[in-house]
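A short worksheet on the structure shown next.
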Amino acid sequence: MEPAIKYRLIKKEKHTGARLGEIVTPHGTFKTPMFMPVGTQASVKTMAPEDLKEMGAGIILSNTYHLWLRPGEDIVEKAGGLHKFMNWDRGVLTDSGGFQVFSLAKLRDISEEGVAFKSHLNGEKLFLSPEKAIHVENALGADIMMSFDECPPFFESYDYVKKSVERTSRWAERGLIAHQNPATQGLFGIVQGAGFEDLRRQSARDLVGMDFPGYSIGGLSVGESKGEMNRVLDFTTPMLPEDKPRYLMGVGSPDALIDGVIRGVDMFDCVLPTRIARNGTTMTSQGRLVVKNAKYSEDFRPLDPKCDCYVCKNYTRAYIRHLIKADETFGIHLTSYHNLYFLINLMHQVQDAIEQDNLLEFREAFFEEYGYNENNGRNF
């Protein structure tokens, strides 16, 4: 049986671990490395599907936990799956719900069977197991699905993380058995292990032995420093097969994207660009710009003079500041669109740099202009 997800390696960058590739899904092909906008509840906040296509998004992420609780996977399935439900004909990836259960849910109780917890919406008692998570993801119909895993805190004890990794491997195997649609939905395994190299190796070895069509790196961007994250990536990505995609979960700051690519990561997602946009904060080639600040009230330049998105072509900082201060939703739409475009376009620039074997030079120039080399509060 042909796998639902195929990865083709196009080129390796000469001086780093970066890879140029493409991923084929049942709903189209996209080039990697790439950034995925997050549509938590089957919608990227304030964005129409047409906006996402216009900015070049090839795949978006939705959250299994939220859609399971509301509207329910049965309703999405009756609609014909997420693609039809939200009128999106490109790729969709769903997480397993595990991260939300471990971070949002109250009074969770972890056992070998799964996790008992209370809904963050109404306090209802619920239970999520590897089989249930896969059942929900099968019903949602995403092109790429995630295994149900435990995401332990980064600074948890070695003994706890070891037990957690072993349980995550057992859960991954149970999820594979429960998976009903391997020909149309690709299920990824998630490598855990916090900051411990031997536990990351154990996790990777277990999962690679199960022959998933792709692998996620979980348990990062959860409070550790960027240096710690890069240290873990340095030893984790080489443990993963070269002929499968590698996905770093929950990472979306420009520096972390570039540094992740340098270490061999192909896919990223994060709520960061839309979350900060709702607070009037934007990413520009010159670093962070908080457009809601008073100093922009008479600034009639675009958010980023170097950006060619439709927001920067048509609207000024002063106008966008006015909208944000007046609580107009259109202002949040404009900042969200720009931030998503900025990251998707950044990944296109990174792809070009890999093609030209000058990714390290690109990183140096980008970091200098963005302000990452100074402690000036402009960066993320």
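Cβ atoms here come from the backbone N, Cα and C positions, even for glycine.
Counting every protein chain shown, the number of other Cβ atoms lying within 10 Å of the Cβ of G97 (substrate binding site) is 25. Positions annotated as substrate binding site by Swiss-Prot, on the basis of sequence analysis: D95, S96, G97, G98, F99, D149, Q192, G219.
For D95, the entry in Swiss-Prot reads active site, proton acceptor, with the evidence type sequence analysis. Cβ neighbours within 10 Å of D95 (substrate binding site), excluding its own Cβ and spanning all shown chains: 31.
Remark: secondary structure over the region 'RNA binding' (250-256) totals 3 helix, 0 strand, 4 coil, with classes taken from DSSP. Under the heading region 'RNA binding', Swiss-Prot lists 250-256 (among others), citing sequence analysis as support.
Taking a C-beta cut-off of under 8 angstroms and a sequence separation of 6 or more, D269 (active site, nucleophile) has the following same-chain neighbours: F35, M36, P37, V38, L61, L93, Y247, M249, G250, V251, G252. Taken from Swiss-Prot, the feature active site, nucleophile covers D269.
For the region 'RNA binding' (274-278), the model's average pLDDT works out to 98. Feature annotation from Swiss-Prot assigns region 'RNA binding' to 274-278 (among others); the stated evidence is sequence analysis.
If you look up Swiss-Prot, you'll see C307, C309, C312, H338 marked as Zn(2+) binding site, on the strength of sequence analysis. In the three-state DSSP scheme, C312 (Zn(2+) binding site) falls into the helix class.
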Assigned element (helix, strand, coil) containing H338 (Zn(2+) binding site), judged by DSSP: helix
Neighbour count (Cβ, 10 Å) for F99 (substrate binding site): 22
Cα-nearest neighbour of F99 (substrate binding site) within the listed binding-site residues, C307, C309, C312, H338: H338
Helix, strand and coil totals (DSSP H, G, I; E, B; other) for the region 'RNA binding' (274-278): 4 helix, 0 strand, 1 coil
Cα-nearest neighbour of D95 (substrate binding site) within the listed binding-site residues, C307, C309, C312, H338: H338
Beyond the site residues D95, S96, G97, G98, F99, D149, Q192, G219: chain residues whose C-beta lies within 8 Å of the centroid, for substrate: F102, M146, S147, F148, E150, C151, I190, G218, M249
Other CB atoms within 10 A, centred on S96 (substrate binding site): 30
